[in-house]
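Some notes on the structure that comes next.
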Amino acid sequence: MEVSNLSGATPGIAFPPGPESCSDSPSSGRSMGSTPGGLILSGREPPFSAFTVLVVTLLVLLIAATFLWNLLVLVTILRVRAFHRVPHNLVASTAVSDVLVAALVMPLSLVSELSAGRRWQLGRSLCHVWISFDVLCCTASIWNVAAIALDRYWTITRHLQYTLRTRRRASALMIAITWALSALIALAPLLFGWGEAYDARLQRCQVSQEPSYAVFSTCGAFYVPLAVVLFVYWKIYKAAKFRFGRRRRAVVPLPATTQAKEAPQESETVFTARCRATVAFQTSGDSWREQKEKRAAMMVGILIGVFVLCWIPFFLTELVSPLCACSLPPIWKSIFLWLGYSNSFFNPLIYTAFNKNYNNAFKSLFTKQR
């Protein structure tokens with residue numbers, strides 16, 4: 001297969017033309033999780049340029065950090081009894097999906113990036129397994145973020161009705177729906193003959209390019225959960241704004257008055273001065289709950305913001321590319337894909353940074369190991 005250099009001044013990094021261009025094929029857009037065009041070694045250039053080594057090193061570090069950090073969170077939740085409850089089961093579900101992304105999806109994606117001509121040489125069966133896990137794990141990771149956002153929303157806005165028993169049932173149901181829906185999206189091509197992932201002639205492994213499946217997979221894996229998390233955070237913002245206004249109205253001013261009374265048995269007048277004051281009806285429990293709600297709202301906001309920044313470039317490309325006669329450089333497709341993968345690295349950093357119990361549990365875990 002003919003390859004072309006990224007630029008004349010950058011040896012060792014090349015990209016194949018053809019199927020990746022929108023103008024070459026009406027269904028050239030790559031569906032969620034498919035093999036990207038990206039960093040591959042040119043047969044006519046030195047096999048290991050400095051830029052290639054740098055990129056590979058960074059991606060290997062990203063894979064290792066994503067795997068180890070999520071594994072640490074998962075082990076902590078399993079070993080610490082205090083974490084055997086909501087919302088830590090949702091965090092555990094997210095950690096499982098992100099561990100699988102780092103262990104099964106990202107390494108083979110890196111191998112595919114570095115293969116000359118992006119040819120898949122591991123066979124049809126392994127191709128189907130890889131693509132299925134790619135779609136399954138990335139979709140589950142995205143929907144788990146939506147589930148965490150929903151749980152925080154109900155906790156903040158309905159803390160009286162959202163009892164511990166209700167919360168357990170809701171979280172278990174959300175986890176079940178997350179993995180069932182992710183499995184349906186991932187296995188639909190195999191179960192219903194919805195396109196083929198492996199092309200033996202071209203030795204190409206990618207998600208089914210069937211246009212109807214592309215719409216189904218991208219909507220189910222990203223656009224629907226995106227709508228959910230944006231709606232949830234808007235409702236959280238409105239609820240926080242309403243509560244702040246209600247607390248301000250709860251501050252009661254007392255007017256300043258002066259009264260004069262005759263002492264019944266004394267020949268003097270007693271003056272009583274009532275000074276102007278404000279009384280806010282707020283207990284220490286309300287203050288603690290308010291601080292907890294603020295941390296939860298901030299955590300959800302950052303989690304959603306990072307989720308959108310990581311995934312929206314990739315999925316916007318997947319939506320626009322099949323509809324226009326344009327050609328996005330393969331290097332950008334790779335950048336957008338790995339930016340999406342990096343969301344699995346940021347997830348545990350965010351939800352542990354806002355919970356001191358995780359930091360204490362990490363310290364305790366390493367102390368016991370010593």
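Every residue number used here counts from 1 along the chain in the order it is shown.
Glycine is no exception: its Cβ is also placed from the backbone N, Cα and C atoms.
What you see is a predicted model, and the numbers here were worked out from it, not measured in a lab.
What Swiss-Prot lists as topological domain 'Extracellular' is 1-48 (among others).
The region 'Disordered' feature in Swiss-Prot is assigned to 1-36.
Taken from Swiss-Prot, the feature compositional bias 'Low complexity' applies to 20-36.
The annotation transmembrane segment is assigned in Swiss-Prot to 49-75 (among others).
What Swiss-Prot lists as topological domain 'Cytoplasmic' is 76-88 (among others). Averaged across the topological domain 'Cytoplasmic' (76-88), the predicted model reaches a pLDDT of 88.
Per Swiss-Prot, transmembrane segment is recorded for 89-115 (among others), and the stated evidence type is similarity to another entry.
Taken from Swiss-Prot, the feature topological domain 'Extracellular' covers 116-127 (among others).
Per Swiss-Prot, the feature disulfide bond maps to CYS127-CYS205; the stated evidence is sequence analysis. In the structure as shown, the Cβ atom of CYS205 (disulfide bond) sits within 10 Å of 25 other Cβ atoms.
Annotated transmembrane segment per Swiss-Prot: 128-150 (among others), in sequence order. With a threshold of 8 Å between CB atoms, the same-chain residues lying at least 6 positions outside the transmembrane segment (128-150) that come near it are 32-34, 87, 90-91, 93-94, 96-98, 100-101, 104-105, 108-109, 122, 170-171, 174-175, 177-179, 181-183, 185-187, 190, 197-198, 205-207, 217, 220-222, 225, 228-229, 232-233, 300, 303-304, 307, 311, 340-341, 343-344, 347, 351.
Secondary structure at ASP134 (serotonin binding site), taken from DSSP and collapsed to helix, strand or coil, is helix. Summarising the annotation, Swiss-Prot assigns serotonin binding site to ASP134 and lists similarity to another entry as the type of evidence.
Within the chain, the topological domain 'Cytoplasmic' (151-168) has long-range Cβ neighbours (under 8 A, six or more residues past its boundaries) at 85-87, 90, 174, 232, 235-236, 239-240, 289, 293, 296-297, 299-300. Annotated topological domain 'Cytoplasmic' per Swiss-Prot: 151-168 (among others), in sequence order.
The transmembrane segment feature in Swiss-Prot is assigned to 169-189 (among others); the stated evidence is similarity to another entry. Long-range contacts of the transmembrane segment (169-189) within the same chain: residues 86-87, 89-90, 93, 131-137, 139-140, 143-144, 147, 150-151, 154, 162, 195-197, 207-208, 210, 213, 216-217, 220-221, each at least 6 residues beyond the stretch ends and with a Cβ under 8 Å from a Cβ of the stretch.
Annotation source Swiss-Prot lists topological domain 'Extracellular' at 190-211 (among others), citing similarity to another entry.
The transmembrane segment feature in Swiss-Prot is assigned to 212-233 (among others); the stated evidence is similarity to another entry. Counting same-chain residues at least six beyond the ends of the transmembrane segment (212-233), those with a Cβ under 8 angstroms from any Cβ of the stretch are 27, 29, 31-32, 135, 138-139, 142-143, 145-146, 149-150, 152-153, 181-182, 184-185, 188-189, 194-195, 300-301, 304, 307-308, 311-312, 315, 318-319, 322.
Per Swiss-Prot, the feature topological domain 'Cytoplasmic' maps to 234-300 (among others); the stated evidence is similarity to another entry.
Residues or ranges marked as transmembrane segment by Swiss-Prot: 301-325 (among others).
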Item to check | Tertiary contacts of the topological domain 'Cytoplasmic' (353-370) (same chain, 6+ residues out, Cβ under 8 Å) | outcome: 72-73, 75-76, 79-80, 82-83, 295-296, 298-299
Checklist entry - Where DSSP helix means H, G or I and strand means E or B, what are the helix, strand and coil counts for the topological domain 'Extracellular' (190-211)? => result 4 helix, 4 strand, 14 coil
Item to check | Most Cβ neighbours inside 10 Å, all chains, among the recorded positions CYS127, ASP134 | outcome: ASP134
